[in-house]
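For reference, the structure is listed below as C-alpha cells.
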Amino acid sequence: MRGGLWQVGQSITRRLGQSDKKTIVRRWYASEADLKKTVLYDFHVANGGKMVPFAGWSMPIQYKDSIMESTINCRENGSLFDVSHMCGLSLKGKDCVAFLEKLVVADVAGLAPGTGSLTVFTNEKGGAIDDSVITKVTDDHIYLVVNAGCRDKDLAHIEQHMKAFKAKGGDVSWHIHDERSLLALQGPLAGSTLQHLTKDDLSKMYFGDFRIIDISGSKCFLTRTGYTGEDGFEISVPSENAVDLAKAILEKSEGKVRLTGLGARDSLRLEAGLCLYGNDMEQHITPVEAGLTWAIGKRRRAEGGFLGAEVILKQIADGPAIRRVGLFSTGPPARSHSEIQNEQGENIGEVTSGGFSPCLKKNIGMGYVKSGLHKPGTKLKIVIRGKTYEGSVTKMPFVPTKYYKPA
C-alpha cells in the first residue's frame, strides 16, 4: 500500500550500486543537496545507512545487513523503519467524516472511534489517486497518512474539495503534521519491544486500532498497522524525540530489532501482496481492478457518493476487464512493465512489481491480466529483456500475514 518507491519508478528489491544511485539523482534532482532529510538522517548515516534519493528525500535503502538478511530478520524478529517522508495529517470538525467520504471509498462513518482502515482516494473516473490508512480518532477527528510521492497531489486534491465543501457551509479544517516524524516497528517482536516503553496495555490493541499514548516520555499517535504483512505499529512521534525513541526501541529489543531500509520494505510488502502506488496502482486503475473491493464499505456500495462511484459500482456488479494477480516466474526476476503472454504468445497484460523473495527463495511478482485469465494455476509466459520465461498465476499473499487480531 504505502510509502511506495514512486520516484524510483520500479521495485528495488535488488541492491542499487553507485551507478544506479547516480542515475536516479541525475534523473530527478540537480544534486544530493536538493533532497530533503528526515530528522533521523544523521542517525541513519551513523548506523551505516546507504542513502538514496526517493520522492524528494534522502532515505536509507539498506544498512550493513543485505536486503535479504533484513527481510528475513523482519519476519523472524523485527525491523524499525524511518517512514517520516510520508505525510500525516488530521481532518477536524463536525463534518470531517462527511467530507472525507466524498473523496474515499471507505465507510468512514461506520468506523468506531479508535479504529481505522486502508482506503483509496479516487478520481472522477474511478481511478486511484492514492491509497491511505485512515483512522477515526473521534467523530470529529480523522488522522490519515498519505504516500510521500503523492503528497503534493493529494494535498492539492484535498484542499480543492475542502474549499468547495466549506463554501457550502461544511465544518472541516485540516492540519499537516510536519512537526512529527513517523517510525514503523514491524515483526513478531514489535509488541513485546514497544510494551517495554509504555504503560498502556498493548495486548488489547488489535490490527487497525489507534491510540494517543505516552511512549518513552513522548505523546505519540500509535496505529497497529504496517506495510510488511507482519504484526507491527506506525508511531507518529514529535520530531524532537524521534531519534531518542528509535534508540530506545533498538535497545529494548536487545539487538533483535534492526534498522531496515526501503529495499527490504519493498520485498516485504511484495511478499505480503500489498500494492505499491505508482506501480500496482495508478490513476487509471480502479480499486476493483486492483483487488481492493473489500476496502469499499457495504454502505458505500449501496449509496455511492464518492468520486468515480458510477464506474466503480458498475465494475463491482459486472466484473472488471482486468485484474491484479500474483505471479510466480522462472528465469530472472520480472520487473515492472514486463509483458505477460498467454500460452499462445498473445499479450494479456503486464507485470507491475517483481523481485526475488528472500523468504520463499523464488521469483514472485504482481501484474494485471485480462479477466478470465486471473485464476490461480493459470499458466502464462513473461517476457524479460526480450526472452520468454514460464510463469503462472498464484494466490496472494505469497507469505502468510501475521496481523495481531482477537483470538
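Quick reminder: no glycine exception, Cβ is built from N, Cα and C everywhere.
Source: prediction; values computed, not measured.
Here's what Swiss-Prot has on this protein:
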{"type": "BINDING", "residues": "Glu234, Arg265, Tyr403", "note": "substrate binding site"}
{"type": "TRANSIT", "residues": "1-29", "note": "transit peptide"}
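Location within the structure of each feature annotated in Swiss-Prot.
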{"residue": "Glu234", "record": "substrate binding site", "DSSP class": "strand"}
{"residue": "Arg265", "record": "substrate binding site", "DSSP class": "helix"}
{"residue": "Tyr403", "record": "substrate binding site", "DSSP class": "coil"}
Out of Glu234, Arg265, which of the binding-site residues is least crowded by other Cβ atoms within 10 Å?
Glu234
Maximum Cα-Cα separation (Å), residues Glu234, Arg265, Tyr403 listed as binding substrate:
16
For Tyr403 (substrate binding site), which residues of its chain lie six or more apart in sequence with Cβ-Cβ distance below 8 Å?
Phe207, Gly229, Asp231
